[in-house]
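As given in Swiss-Prot:
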BINDING   CYS66, CYS68, CYS81, CYS84  Zn(2+) 1 binding site
BINDING   ASP477, ASP479, ASP481  Mg(2+) binding site
BINDING   CYS825, CYS899, CYS906, CYS909  Zn(2+) 2 binding site
COMPBIAS  329-346  compositional bias 'Polar residues'
REGION    328-347  region 'Disordered'
Amino acid sequence: MARNNDKNTVQRFNQISIGLASPESILAESRGEVLKPETINYRTHKPERDGLFCERIFGPVKDYECACGKYKRIRYKGIVCDRCGVEVTEKKVRRDRVGHINLVVPVAHIWYFRSLPNKIGYLLGLPSKKLDMIIYYERYVVIQAGNAKNEEGEPLKKMDFLTEEEYLNILDELPQENQYLDDSDPNKFIAKMGAECLIEILKRIDLDELSYELRHKANNETSKQRKTEALKRLQVVEALRDANKNRENNPEWMIMKVVPVIPPELRPLVPLDGGRFATSDLNDLYRRVIIRNNRLKRLMEIKAPEVILRNEKRMLQESVDSLFDNTRKSSAVKTDSNRPLKSLSDSLKGKQGRFRQNLLGKRVDYSARSVIVVGPELKMFECGLPKNMAAELYKPFIIRKLIERGIVKTVKSAKKIIDKKEPVVWDILENVLKGHPVLLNRAPTLHRLGIQAFQPKLIEGKAIQLHPLACTAFNADFDGDQMAVHLPLGPEAILEAQLLMLASHNILNPANGSPITVPSQDMVLGLYYMTKHKKTTKDETVIGEGLTFYSAEELVIAYNQKRVDLNAGIKIRTKDYNEEGELVYMIKDTTVGRVLFNEAVPEKAGYINEVLTKKSLREIIGKILKITSVPETSEFLDEIKGLGYGFAFRGGLSFSLGDIIIPEEKQSMIDEANEQVEGIIGNYNMGLITNNERYNQVIDIWTSTNAGLTDLAMKRIREDKQGFNSVYMMLDSGARGSKEQIRQLTGMRGLMAKPKKSNSGGGEIIENPILSNFKEGLSILEYFISTHGARKGLADTALKTADAGYLTRRLVDVSQDVIVNEDDCGTLRGVEVKPLKKNEEIVESLGERILGRISLNDVVNPSTQEHIVATNEEITEEIVAKIEAAPIESVEVRSPLTCEAKKGICIKCYGRNLATNKIVQTGEAVGVVAAQSIGEPGTQLTLRTFHVGGIAGNISEDNKLEAKFAGVAEIEDLKVVKGEAPDGGTADIVISRTAELKIKDKKTGVVLSNNNIPYGSQININDGATVKEGEVICTWDPYNGVIISEFAGKIKYENVEQGVTYQVEIDEQTGFQEKVISESRNKKLIPTLHILGKKDEVIRSYNLPVGAHLMVDNEEKIGVGKILVKIPRKSSKAGDITGGLPRVTELFEARNPSNPAVVSEIDGVVSFGKIKRGNREIIVESKLGEVKKYLVKLSNQILVQENDYVRAGMPLSDGSITPEDILNIKGPNAVQQYLVNEVQEVYRLQGVKINDKHFEVVVRQMMRKVRIVDPGDTIFLENQLVHKADFIEENNKLFGMKVIEDAGDSEKLKAGQIITPRDLRDENSILRREDKNLATARDVITATANPVLQGITRASLQTKSFISAASFQETTKVLNEAAVSGKIDYLEGLKENVIVGHRIPAGTGMRKYDSIIVGSKEEFDQMLEKKQEVNYN
């Protein structure tokens, strides 16, 4: 490919296979043997003949000139010089001609015996240590035993190891003629050492036989270890057998007889001044190999003693090892400066390796970079390009035009004119630029909006001008950012840039479908200022207040004549939508500024009559884009950009110290807080409260004081100048600043965190707050305290960026081959979507979650029976409104999680493309978009786990359940007892743990809502009662969990001893004594309460968890419904919550949390077993009698009680549930939804909106594989990981086939063969005719498998494409596996195609478009006419 530079000769290959190279194939590629270790002559600087840079082997150093100089110039092209043997050709052949070294003895390839899994070792069934003994010439190995016996006189077996002594003794004992026998004679004794012995052994392996033997072993082996050993070996054997289907791939090729020498230009030797040379490390490594090989040759010729030869062979093996992979060896070859040499493997690996440096990222021509400045007068699709830069970029186009116009004759003179910058050049450049956009890119390109196309405009100066609204997408600012410019050259590229990438088309953010080109900073401030309303007060009069105008034109005249103020409230006749939704003229109360703003708004959007903030602007732009078109929206954006800047300037909205108003109540509030703190410290000193409580209370006081002060300050600043205070306007409009920052300017800086020592303690809040604010100034101590936070913030940001970048890289890698490939995969599955709630508060409504998805079933309004949406129909905004209005709790929609497309994903399962708000098209690379959408906001996530101190992070607990809809209550599984109510009367107390309340619609009987009724709650309604919306159904104690007596009787304590298993604590508010269960030293003692019946028999026992408060005394008589125990709920556990980036990584990598919960796998009743080794045993028994036992650490809180009924998937102890458990118990669907929701939660806390779709695409990729449980008659192995599609395909192939059990007298059939029933019948009928024994067969057993959840790194490394996996991580391992199994890469993903230099199979590069012929309508008509003419004949 490299040699033929004509366009036509680029082979369009569509797959690449990899395999082991045979010595013959290496020789076939090679141009000659390198015999000498010399490189170039230090005096003449010419390559030495037969050396590592030899011209005869690799080609001439100068273009068309042989080494001795006999033939020069191009006319001798292709002649081989008779004197020096060099072919006369161009020098670039030295980049692709390969040489070789013939090794005197074979050498094992380090990849196949040093890396795990050890390929050669597994084939021979040898451990790595023993294999090393063979390869490094320490032991002889018996290849063929013959008649030899060992010292004990027992016959030797194949693969026995012998020391040299033993070997010589055996040779002495054997008869003389043994060595004259032929090698194939079974009586001959053969034993060898080193790689030459391995070649012999590997050649003798019959893979099919070995495979059969190992399969038998794996199926029938009793010992676990031997079984896994057999399966591991099987994997290597099967890989080699698989490879032989596509190409020849013999195991003995893992041993090398010939070493290839890579082209000299790829390992250059550069002369430096002063007669020294800089060389590539590879040359040193090759030299060592050649020197040792030549020395060994000489020693063998002079018949040196065996010991010396053996040492030399070992050294040769080591030198070849370090050539291929220098890092694997314990003693790597080092340079003089003690740096390990870079071997061939190192040049592939890592960021600087071949894959990532040269194949995935290349440097390109026709590019420029410069600093960016703002271009406020540009249109949405324009950018300013410096003249000189443009002249250089568009040079070839200008040259062409210069020659066409006849201004110059040659290219050379054209270049001169351009370099002189003659006026005619600018004239031509203006023309060339028309319709030829450029691409602008700002690093880091975190999502696809980091590269956009603009139409260039020539400007003076040297900086690129960028449109201010494009900044958000590029994440650019003008503090010295640089951007790169690229020039699309071909007509297709230009078209794509104009139609797909033009900045004015990229208004929406692909992550969530909301506009991204939203005015920010000055623009928002100007628009906010112009639409704000000001009333006349006694201090200032507003000119023209209350006037009425006929039209906007009239108003503009009045405003220009200074007859009316910008912020004056006026009336105007204008068009807007009435109740019926028609555009009509009406009189509106509004302000002058709003009328001016509405002049820019397209008429279809109605009249916008509100104060504009950043938030409202985003909604307005989204609305306008929906109602009108992209060009109109981009025009509107340009208009409001101008308005915003103009009025920000006219308003003079800067601020001074005077605008920062400190509330005069500040001092008194601080004094009051100090008094309270003193009171608390007094309480502490008197011993009424613990140190921890004191700390929490102090922090709470300061937190609330700070909050109160902030509110006051905000109020003052809001009331100042009618809200026209500059600082307040900046904050309120969302242009700049936050409430926090205003608080630090006007209130007090507040509490600061302690510096955190390395992970041990610290990180808490210092209880003395900073009382000053920035206007007053900080004292030296206060300043010192606050520096810590500032520095930590900067350090964190730097670390975070790298982490987020790496996460994005892994995400892209796992999902890069998800492309929309088909219209409909035809699946019948989907996911059920409900509104997202937190503490009964709706975080994300049902409508938001299903918008733009495809409905799985028909949706009908349960109350009116109205048909809302059909199966496979898109849920649009209108349909969402209907669904929200109806009492529908959940909707089933199609989802990427359940898509069954073989390759990529289908349109119906993906739904709407968020970047266009239309249904996605085939060819869209949704995987990469998903990865970018998740990775891009990664830098905004917090890096650390965050700490919730005291009540600062507390939300008041909810304590009641209210009916959400009116209807009929239906309660399942309810058990109640009469008990005491908190207010003293009696009440119904719930004692069942799984009571469920359903509210049904009176007329239709459709279930409207479904809730769990908590244990211990007081219930106010009966089954079947009619409830009103908002009626309280049950209440409970929000601070304590309780255990309630179900029986009347007498209390008996067991193992409840003061000072051992419980302590007496005094409640500081009431002074009452309470018994609190504590952890006892003696782990055997389990504190238990028994309830005794009439005859002192135990009716019921309750285990008491640590921290429980006893509410009854020993021997006390109790009635039913008595509260026996209160367990304080840990309100806002002050532990650290893993949040932010680490949590996202943990979920995507499917790691198990450090303290996992124990989860029940079945529905059943709980009972407690014994304590074993510090673990409490919990037994769950199902109704069918199935029993599962679980061990829970004693330190973990147990969440269930004796005799509780638990459902599968319920946690038995506290901690987070592992994804593995969810998968095993609730199945793949549940775990996928769990992962999506958990990751969303992290982003939601940071206020980042990302559509669920993107997470679903990635999570789907994590569940591509299944693990084979029982291979049946398939080719799979037990425990093997295979793709779901392959698994289904293999099973379908076998469907209905038969397996021969006994071949009878048939010659065609073998036992174990799989054939169709028809073939079996035919064969048997032949046998029947000949009166022979018939063949018997059984039905095929198909394979069974379990779904597997893989982390994104694992999933990327196991993609089908080895090129993609190798360029990701663990390059050598991936290539090593791929070569052994002779893998074929079908180039289906994006990455593989970038690497081999093809167009990516997405978008316009989809393979189905390749065969399309583009022509004009006339040509088509002519073709049809010709065709018809032919038909008539």
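From the backbone N, Cα and C atoms, a Cβ is placed for every residue, glycine too.
On a predicted model such as this, the values are computed, not experimentally measured, just so you know.
Annotated features, which come from Swiss-Prot, shown on the structure.
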residue : record                : Cβ within 10 Å
CYS66   : Zn(2+) 1 binding site : 24
CYS68   : Zn(2+) 1 binding site : 13
CYS81   : Zn(2+) 1 binding site : 20
CYS84   : Zn(2+) 1 binding site : 16
ASP477  : Mg(2+) binding site   : 11
ASP481  : Mg(2+) binding site   : 16
CYS825  : Zn(2+) 2 binding site : 18
CYS899  : Zn(2+) 2 binding site : 24
CYS906  : Zn(2+) 2 binding site : 22
CYS909  : Zn(2+) 2 binding site : 30
By a Cβ-Cβ criterion of under 8 Å, what residues six or more beyond either terminus of the compositional bias 'Polar residues' (329-346) are in contact with it? 110-111, 114, 262, 280-282, 284-285, 288, 318, 321-323, 353, 1371-1372
How long is the line from the C-alpha of CYS68 (Zn(2+) 1 binding site) to the C-alpha of ASP481 (Mg(2+) binding site), rounded to the nearest angstrom? 55
Among the binding-site residues listed as CYS84, ASP477, ASP479, the Cα nearest the Cα of CYS899 (Zn(2+) 2 binding site) belongs to ASP477
DSSP-assigned states of the compositional bias 'Polar residues' (329-346) in counts, ordered helix, strand, coil: 0 helix, 2 strand, 16 coil
Determine which residues of the same chain, besides ASP477, ASP479, ASP481, have their CB within 8 A of the center of the CB atoms at the recorded Mg(2+) site, and list them by sequence. ILE372, ALA476, PHE478, GLY480
Among the binding-site residues CYS66, CYS81, CYS84, ASP477, ASP479, ASP481, report those whose Cα falls within 10 Å of that of CYS825 (Zn(2+) 2 binding site); none is a fine answer. none
Spatially, and counting Cα to Cα, which of the binding-site residues is closest to ASP477 (Mg(2+) binding site)? Options: CYS66, CYS81, CYS906. CYS906
Using only C-alpha positions, which one of CYS66, CYS81, CYS84, CYS909 is spatially nearest ASP479 (Mg(2+) binding site)? These are the binding-site residues in the record. CYS909
Taking the centroid of the Cβ atoms of CYS66, CYS68, CYS81, CYS84 (Zn(2+) 1 site), which other same-chain residues have Cβ within 8 Å of it? ALA67, GLY69, LYS70, TYR71, ASP82, ARG83, GLY85, VAL86
Can you figure out which of CYS66, CYS81, CYS84 (the binding-site residues) comes closest in space to ASP481 (Mg(2+) binding site), comparing Cα atoms? CYS66
Just give me the nearest neighbour of CYS906 (Zn(2+) 2 binding site) among the binding-site residues CYS66, CYS81, CYS84, Cα to Cα. CYS66
Neighbouring CB atoms within 10 angstroms of the CB of ASP479 (Mg(2+) binding site), all protein chains considered, total 6
Near the Zn(2+) 2 site, what residues other than CYS825, CYS899, CYS906, CYS909 in the same chain have a C-beta no further than 8 Å from the centroid of the listed C-beta atoms? GLU822, ASP824, THR827, ARG894, PRO896, THR898, GLU900, ALA901, ILE905, ILE907, LYS908, TYR910
Mapped DSSP class for CYS909 (Zn(2+) 2 binding site), helix or strand or coil: helix
